[in-house]
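Visitor: Pasting a structure below so you can have a look.
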């Protein structure tokens, strides 16, 4: 046996020791797969989501007694699992449903994650959650609003966000309220892209208005990531609806704002369905020419020193961006998932599933303005709720409806620039 | 004809001119070297970022940003030629596809890493906002891009048909070995072609940045249109790309307005396939 062989053997021995030690340390780590658009047209959302999840992990893995009743904040790690730390494994869905599905498969079969969290776009949540369902792994979605996601009879799928049907009702009531105050809101147009999110939300909204006896007057669909939207804006300018409801991701939201200004078109009321309009880069890019746009939200910063304000500060330090509704819902969803794992006291999928089903969080245990978190048989949070916000000064959204939660009165008509 | 329809057609022509502008660089390398540059969209993206940096750091508009973007991208074109293209040209077609595609990803994610994934935008009035002519609304930034598209097309056409440099470049495109025997250096000619092509692409990016959003993945959105424009115009034909760009712009706008935007791609691509059926060499291409 030469020296080389001996060294080789020693190395192998050292490596196996290191591996064994690694495995022991890993017992104390709970892995959660996080599927987000880290590249592609919605990559800005993925970058924000990553920062938000990292802040959430900081809160979970370290002691943050200043955060009051927020579960998991008080002590470091998960008390139910002997102080285990949470580790997020980020996977890029590339804005593509097939890629999202492959990533779910990889996270479950190779990384052996305890649960999957994702995946922003409704169309990708649809495909990736089907894999989790097949393997019997809990899947928590915090921000996809297409109503059909919880209509599939899935047993492992849970969703914390308010969904399209909730918001469609809010839009109907909000516009009825504006009308009662003398606004004209009879003629409603829906503008949406051709993705799962765009088409399904548009359908849900149309159905809600039809039920109220006020069918949608105009439905304008366009291909996602459009190179040009002049035709759509001219169509709207031609038909003159009283209200436009926009269902768009960031790229198209920005192009719409620019095109509307160049063609000098302002609808009396512009109401956006979150997504692109909540992206801070939308406000930076075209906020000044989108003054007065309404949007939906479940996020309010709250008074300084409150848990939500502290979290907003932590997020801003991490990402350099203001906290917005989308990342807020993502952090909230992540907390709900990890809280269930903590209460399950185990990463056994069936136990986590049971704990998720038993979730009953009160408003003071949440960072978002939901009435609570409690799942129905379909896995939908029945206590999710939201409000209407408005970009009055082109820089910051303020809550304007319902009156009980409003910081300011709604400003009409849409000002634009 | 209704007034709105006139606005739609004018909008389509301006859009088409922009398509032509960012396709001219692609048509040059595709037609002259038979190289499909999959990084083309990302060259446009780099041009946009150069213009954006010029604006944010120096407060300069397109008067400064456009020439600088042209210069930066032309330099990059030469570097890319000597560092990558010259070698993969000798390889199989697959090497070219993967090579330029890899370059596209490298550029895209370098910008991603440096600038982040956020959407950026120039101020709306960076080139004089929007003005109305007889009730038609025309965006000055788009008009500028359209005018430059015409100038670039005209300039490139003159260069290729009326100058000795152009003749040498065409000679190399025709038969590099024969050209070499005539005392022309293929390497130099092709490097110049890359510099011109990338420079024109950078110029296009800098001008598009004035009215479009800026994001690392914007090249993906724009590249497909460029490929269609070039194939329709005829591989390597610069005036062909202009006519094709204008055609596609008007067809897209009209079908988007009349039939609905989700169907406009169907109309464009059906007409495109139908046209290639009868004239596979494109509008102005040679067989």
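Sequential numbering from 1, following the chain as shown.
Heads up, the Cβ atoms here are built off N, Cα and C, so glycines get one too.
Among the features that TrEMBL reports, transmembrane segment is placed at B:6-31, B:38-58, B:64-85, B:97-120, B:140-160, B:191-215, B:221-250, B:257-278.
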Visitor: Which stretch, B:6-31, B:64-85, B:97-120, B:191-215, B:221-250, tops the Cβ pairs under 8 Å count with the transmembrane segment (B:140-160)?
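Guide: Top-ranked stretch among B:6-31, B:64-85, B:97-120, B:191-215, B:221-250: B:6-31.
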Visitor: Would you mind listing the long-range same-chain contacts of the transmembrane segment (B:97-120), meaning Cβ under 8 Å and 6+ residues beyond its ends?
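Guide: Same-chain contacts beyond the ends: 35-39, 41-43, 45-46, 49, 52, 80, 84-85, 88, 91, 213-217, 219.
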Visitor: Let me spell it out: take the transmembrane segment (B:64-85), skip the flanking residues so only those 6+ beyond its ends count, and list any with a Cβ under 8 Å from a Cβ in it.
Guide: 33, 35, 39, 43, 46-48, 50-52, 54-55, 58, 99-100, 103, 148, 190-191, 194-203, 205-207, 209
Visitor: To the transmembrane segment (B:221-250), which of B:6-31, B:191-215, B:257-278 is linked by the most Cβ pairs under 8 Å?
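Guide: The stretch with the most contacts is B:6-31.
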